[in-house]
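Structure first, commentary second.
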There are 2 protein chains.
Amino acid sequence: MIRSNYVSEITQEMDNQKVTLAGWVHEVRKLKNVTFLLLRDITGIIQVTGKAGTCDKNIIESMDIPKESVISVEGIVKINPEAKIGFEIIPTKITNLNPISKVIPFETTGKVPAELDTRLDYRYIDLRRLQTEAIFKIESTILNSFRNFLYNKGFNEIRTSSIVAEATEGGADLFPLQYFEEKAYLAQSPQLYKQMAVIGGLDKVFMIMPVYRAEKSNDLYHLNEITQMDVEIGFSDYNDAEKLLKDTLEFIISEVVRRNDSDLKVLGIELKVPETKVIEYAEVVKKLKEKGESIEFGDDFSREHEKAIEKYFGESVLVTEFPTKVRAFYSMPNENNKELSHSYDLIYKGMEISSGAQRIHIADMLVDAIKERGMDPNNFKSYVDAFRCGAPPHAGWSIGLERLAMQITGMKNIRECAMFPRDRKRISP
Amino acid sequence: MIRSNYVSEITQEMDNQKVTLAGWVHEVRKLKNVTFLLLRDITGIIQVTGKAGTCDKNIIESMDIPKESVISVEGIVKINPEAKIGFEIIPTKITNLNPISKVIPFETTGKVPAELDTRLDYRYIDLRRLQTEAIFKIESTILNSFRNFLYNKGFNEIRTSSIVAEATEGGADLFPLQYFEEKAYLAQSPQLYKQMAVIGGLDKVFMIMPVYRAEKSNDLYHLNEITQMDVEIGFSDYNDAEKLLKDTLEFIISEVVRRNDSDLKVLGIELKVPETKVIEYAEVVKKLKEKGESIEFGDDFSREHEKAIEKYFGESVLVTEFPTKVRAFYSMPNENNKELSHSYDLIYKGMEISSGAQRIHIADMLVDAIKERGMDPNNFKSYVDAFRCGAPPHAGWSIGLERLAMQITGMKNIRECAMFPRDRKRISP
């Protein structure tokens, strides 16, 4: 390791101690008798002060270095009430670790805003913006807290394949792939695989996998490759799954609040752990109609409806019992009214971030559901057969990582929340 | 939840308590006056005893149920020294949750072994074998302990794309893909992306992603889709990365030992936390030659060499300073001898499970290395440019999940360690 300490590890108690820091030159300000250099690492920014009389002339000269240079700084910690964080570094040696040999394509301090497309073309520069860094530190917390929450509840993590021989949900919008001599596709969802794991006795499983949808839409809240956080629970029904979804969201957000305080500040976000309301679809539609929204029973929610749900019901709303016909064929119908299904969407801050259902686990019922959609049960034979071999009741859901991150960080464009997004037009870097 | 308790939660202290269990019928044994049913869930197996006089006749009759049926059992816990685990369940109600309507394709208790191909065709049955279940419970521990070890060291988890516009390492063996109007490929490695994250200031990152290699080999230790556990550390050199690799392996194995005791027993494996030896490539080759192995300086290791390394050096061996020409172009050459590079492989139980290197972070040095391989630096322009914008020294490695799981679980075929493996011939389920 080049450094002895991260910036955030330096405290007033270390007054007069020698340290070695390493990071990027965030800013340099040359005054007549003093040069200030702001050094930035993943944990924060600290002031390095080169002052005639206190520092060697050569060292002060070595502080005259282009912004975004990668350097190490040996120096002494000094309490200085005038410095932003109460102390500064008096440098004894500054080393340019890898001199810059290309014009940095845009400003990272935010003084001159850059277009999103430019930032995405140069993500290795964009990640140095405090806002971008904050987004991905928060995403890391989301991933970590999702997994640990479930792991501590006895779930096993599984991995399934992203290469499939057929469309998993009978849909279009697949990316075709040449797999040696065979035609194959990128998986739209690990749905059938996680059901196989549950039927195989793994009981409660989760996974985080990329999924692919070849939709031609090019809007602010869809990507063609997304990261899906998937859950499936055996010997369970929609009540268990709905409660787990609520609890998981609330845990993730409480962890972001706890661990990413400074990142939320950088983004200007005041984040609170939501109390999720659970409301049936029919009731939601009734209220939206009363409020003058254009919606009829049987409609799927549009973006406008989702925003109205936040307005009229609150920050986190679990809408349950959707009409069967707008849901995937394997959703379990309500036993008292087969027009409704034990399915649910979680609308967080006015956007759907999760979707799920209790699944049909009775083979003959599944065949009927397939036929009712006008599909051929023969195309689903191996899937249906699994339900004839001792399949327990089960339910599940998935959360879209980038959408959840978008809603937590207050971003308006989902591309901000994928490090290397894939959309209708973007395939690199 | 259908169950009140898992099997492993039942203890002698619960004598005479009422419980509801749920799982699969592992075995049924009918004697003259008593019927034994073994109920299996994810946590274990328990005996359900239907005895004339103690149980209702209807209940005993309902125990005459095909193996692998999925059932719930309400009953009373009873201490019985004759039962295998010291207690049994006296049933008061048995419910067949989803009657079997297809012949189970093979035996799950292991009495009649099934071919691997058949087991993979019906993974949802195969997962009910205790051995298969044990493998994937161990894999879950590997994934969880890898992440937590690094997370607790301040690493951020990142996600990058599996769809790339070009070959990332200049290699062949890519699966081509149609991305709307564009030709694209499945990523062979997230190498360049994790370097971008480090150059972007994320400092220390890890990721777990599928990677794809269209190699036509069809042997026991390669898959065409593997799960790669990747690490990249900024402001670091090969010493830091080598130590972290050793420590990570040792932590993962100590966690498997701690958490998967019963799974290791099922597999008949006595697992010990290894002490990793660190030995330079040249010394390994010298010793192997002395021992009569067919190898010359400059050779990459064959499977036979890897086995010999275990024999002559031990269970866990980190081989360092490989010849530059057998490594990826971006490996940092040794500053005293450019024929050698700061690169390393970890050979665990006679198989390479991890590979890595300090990376070249100086743009001009990278251009030279590309030219020396006979490649065109123009094809790497955007990659090389990143190193001109303030790139810190960095190093990293990746571990192949399925290979590590194979070596821990003692499996001879890597397909055992991928839930839905993709190989030269297999693309479903």
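Along the chain as shown, residues are numbered 1 onward.
Glycine residues also receive a Cβ, built from the backbone N, Cα and C atoms like all the rest.
Nobody curates TrEMBL annotations by hand; they come from automatic prediction.
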| task | Please pick, from B:Glu166, B:Glu270, B:Glu352, the residue that TrEMBL records in the ATP site together with B:Arg213, B:Ala214, B:Glu215, B:Gly400, B:Leu401, B:Glu402, B:Arg403. | result | B:Glu352
| request: From the ranges B:43-46, B:191-194, B:319-322, pick the one that TrEMBL records as region 'Aspartate'. | output: B:191-194
| message | Measuring Cα to Cα across B:Arg213, B:Ala214, B:Glu215, B:Glu352, B:Gly400, B:Leu401, B:Glu402, B:Arg403, which the record gives as the ATP binders, how far apart are the two most distant ones in Å? | response | 19
| query | How long is the line from the C-alpha of B:Lys84 (site 'Important for tRNA discrimination') to the C-alpha of B:Glu402 (ATP binding site), rounded to the nearest angstrom? | reply | 34
| How big is the Cα-to-Cα gap, in Å, between B:Glu215 (ATP binding site) and B:Ser355 (L-aspartate binding site)? | 18
| query | So what sits near B:Arg359 (L-aspartate binding site) in its own chain, CB-to-CB under 8 Å and at least six residues off in sequence? | reply | B:Gln195, B:Tyr330, B:Ser331, B:Met332, B:His394, B:Ala395, B:Gly396
| remark: In chain order, residues whose C-beta lies under 8 angstroms from the C-beta of B:Glu352 (ATP binding site), counting only those at least six residues away in the same chain, are B:Phe301, B:Glu306, B:Asp345, B:Leu346, B:Arg403
| message | Give the mean pLDDT for the region 'Aspartate' (B:191-194) on the 0 to 100 scale. | response | 95
| remark: For the region 'Aspartate' (B:191-194), the DSSP residue counts stand at 4 helix, 0 strand, 0 coil
| request: Looking only at C-alpha atoms, tell me how far B:Ala214 (ATP binding site) is from B:Ser355 (L-aspartate binding site), rounded to the nearest Å. | output: 19
| task | For chain A, give the subset of the binding-site residues B:Arg213, B:Ala214, B:Leu401 whose C-beta is less than 8 angstroms from one of that chain's C-beta atoms, in sequence order, otherwise 'none'. | result | B:Ala214, B:Leu401
